[in-house]
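Engineer: Can you read through this structure? Questions will come right after.
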Amino acid sequence: MGHKNETSRVTRIWNALSYKIGSTVARYPVLTIVLCLTLSAVMSIKLAMTEKVSAIDGYASDDSMSRHEFKTFQEFLDSDGPGITMAILIRSKKENGSLLEEQRLKEVVKVSDFISTNFKMNVSGVEKNFNQFCRGFCQANEPVRQYYNGLQILGKNGTDGISKRIDLSYPTSNFFGRKFSLIPNFFGISMSPDGKHLNSSNLIVLYFRAERYPDWTTKGVKQWELRVRDHFAKEYSSDVIIVDVMSQTVVESEIVRAGLSLQPFLVVGFVIMSVFCTITTMFSAVYLYSQNATFNKVALSIIACVTPFMACGTAMGTLFFCGVTFSPIMCITPFLVLAISVDDSFLMLHAWNRLESWRTAPLDKPMREHMMGEVLVETGPAITISALTNMLAFTIGAITSPPEIRVFCYGNAAAIFMDMFYQATFYTACMTLLADTKNTEGVSEKTKRIQNKMSNVVGRFLKWYVSAISNIFVSTGIVLCWCIFIGFAVLGLTRLHVELRPSKFFLKDSPMLYMDNMRTNEVVPYYTPVHVVNNPGDLTNDTNVERLVELKEKLEHMPNAIGAPSTKFFLDDYVQYRSSFAEEIEMDVEEDNAAPEKSDIEQFLEWPEFSYWRGFLRFDNQSHPQNVTKFMFTTGFHGQDLKDWNKRGLLLKSWRGAVEEFQKDFNATVFTEDAFFLDMIDSIPTVTWQTTLATFIFVSLVCFLFISDILTVLIVSVAILVTSVGVFGYLSLLGVTLDPVIMSIAIMCIGFSVDIPAHVAFHFYAAKAKNHAISHSQPSPHQVSDVSVHSTSSSSSSESSLSTPNSFETNLTFALASVGFPVIQAGVSTDFCALPLGFMELYMAKMFALSLTLCVSLSLIHGLIIIPALLSVQHHIVHGVKRLFRRNK
């Protein structure tokens, strides 16, 4: 029992369990099918009824700085969740037309007014428009309005008196003593010859931000933003301008649309897989096992493609019942499960055909139950290794990945588990009812001749292939070529770098592509704001005020900073107000002692030109402001290098470093809406390699549970690792960069790279154990039937050498005869399954198609060529060492 070639204890236990499951299901096939279909239908209904949403912040890790900064910003806004945050991008309908032309600028102002007055939200039971429910940031678009008003007045009355009171300079204008910055709103500008005024502007951005009310819901906020988007996308028409709406809600809706666009391709994938499965299954049964071509084989082939969809519906419906939210990337899951499931079905059908070809006893009900048990005994461990390693890969990925990818991993792990469950129950029950016997009546002599010829050809080819790869020179040559392959893969891996582009998540026809391009090229290089939230302490303390000014100036003098013209810092106005009106304030207080005393800050905010600052301040008493407990200021940065997300990531780090000095004094925190993405620049490489390494280690341990031969497990583990490294290395050489999609693919590749090598290695190991058991022990209870007796003897010329125990060529022949054709079927079918995704104009789909095809192809090469070559080299080295020791003795 302790011999190294015996099956592991886990395998023996699993074989006994597999036999019990197979024979029990075969005893009650109809009941099993009804129960499985009912479960799948109920959970699929839940899947269909679940709201399809996305969370753009879901790609940032749980412990990222951006999450803390976002939480601090929301606390400043006194919001229980995000409120309305929306940008309106307006450009001329005429190419390169200036929006400063009177008719166009007038239309821009109309758009601002329309949004402010026509889209309502319920606030405490009352329908209010934006102007009515907005509290703190209502004047964000006043620069556009005042600039338009200034142009109108100057156009009608350009006297010196008016010109002195209206100065439309850039970057800061003055309208009747009220200063405002044009930097946040006007882009794509050209300057007048004097360099002081705008000559043209190709893009104007309007901002709508409103803090969330207690009775608002996230769904309600999103619906408000989508109503605005839909109006300008479907109803609005103008001869002079084009209006685009950008917000997190709009971005997420486009990501969801991109994900759901994969669904029609599932039908295409299903049809391709069904046709391929039918053809290859029919070919295998008729020409390799001399069976008839029947409708039952077609039915089993189609059911093999239906099973993974049942598994996905059940798994995802269950997850949604448990409160897990939908993620668009989960739309890839059915393709992955379809590829894995069909692989398992091929193994089961091939095992049935092989056992059926050896059967001599009548195929009555007990024999059919016994045969289904034997089918699961032969395929169960290999299917389990494949499923467990995939589940383990995605489970570890879920633990280490950000929320959006975590949901993807949970969905995949659950779907793979359900697929394994349905393979052992639903598909086994279907095979019990539909699997054909070896009856050859009615087969023409011509067909029989072709069957015999094909069987002989396959047998001779397999014998030649095993003989060739067992040759030390051939196997060594293969290993050397493999080492060269690894070298280029590692070279590609060293060149892999992070590149984040939100456009990767959108369809080619998405308006977000154009908006993202405009933002990247026209807005970000000229105005990238940072918000700083802080607790200022006592503002009557001059030292405190000086330190706050020092914080502001530190940011204003950083590289890429625009400087004071872009800064909104309420203390600038407040200090000036106090120094200018201090005496008048004291006189007012002395004249009316009976009136409730108003604080300086409250009087300051009552002035129309200073009321704007209310949105930037928070007090101990919002109704009657006394002490400022928090305030926010913003300043801008620019530079063409900021088009690069990596450069923006470095800028974010510099902001954080700048405010860290003031952390103890003011609890200062920076905030930018791009931070969720920017934090991924550093986290993606770390999470990717840590997840890959952890998954690789645990997957190797799972393999060891079923394959207790250490050298065989080591070879399989190396093949898995090299396949994953090869996928990423050669993707990098093809120009692919790291991003959240590729991070998801990394987890997928570890799982997929296990399947074929594990199948080959397990059956090679099982052959060694079986040959040892035949020569050293009594037959097991499952070997007493005619089926099992013949399973250890020859079934064709391809397996005639099985009588020689512990022969390397015998074991390799058994392994390739058992799983060679099924894994080729599985590999090619997976490539066909991924094919439809490659034709989609969606980055996510193309990357999954390319990666899946590359991963499965490399896995197939490793399973059928590299692993046999490595086993051959190992065999020759071990025997060479043994011979050397014998000579020394």
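The count begins at 1 with the first shown residue.
In case you wondered, yes, glycine gets a Cβ from its N, Cα and C as well.
Feature table excerpt (TrEMBL):
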COMPBIAS  784-803  compositional bias 'Low complexity'
DOMAIN    269-433  domain 'SSD'
REGION    776-804  region 'Disordered'
TRANSMEM  25-45  transmembrane segment
TRANSMEM  265-289  transmembrane segment
TRANSMEM  295-312  transmembrane segment
TRANSMEM  319-342  transmembrane segment
TRANSMEM  381-400  transmembrane segment
TRANSMEM  407-429  transmembrane segment
TRANSMEM  464-494  transmembrane segment
TRANSMEM  687-707  transmembrane segment
TRANSMEM  713-733  transmembrane segment
TRANSMEM  745-766  transmembrane segment
TRANSMEM  847-871  transmembrane segment
Engineer: Can you find at least 3 Cβ pairs under 8 Å between the transmembrane segment (687-707) and the transmembrane segment (407-429), where each pair is 6 or more residues apart in sequence?
Structural biologist: no
Engineer: Restricting to the domain 'SSD' (269-433), what is the model's mean pLDDT?
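Structural biologist: PLDDT averaged over the stretch: 86.
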Engineer: Below 8 angstroms Cβ to Cβ, which residues of this chain, lying six or more residues outside the transmembrane segment (745-766), approach it?
Structural biologist: 7, 11, 336, 339-340, 343, 347, 381-382, 385-386, 389-394, 396-397, 401, 405, 409, 412, 416, 688, 691-692, 695-696, 699, 703, 706-707, 709, 712-713, 715-716, 719-720, 723-724, 727-728, 811-812, 814-816, 818-819, 822-823, 826-827, 847-848, 851-852, 855-856, 858-860, 862-864, 867-868, 871
Engineer: Could you tell me what the rest of the chain brings near the transmembrane segment (713-733), counting residues at least six beyond its ends with Cβ under 8 Å?
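Structural biologist: Residues 482, 485-486, 488-493, 495-496, 692, 696, 699-700, 703-704, 707, 742, 745-746, 749-750, 753-754, 757-758, 761, 850-851, 854-855, 858-859, 862-863, 866-867, 870-871, 874 contact the transmembrane segment (713-733) from elsewhere in the chain.
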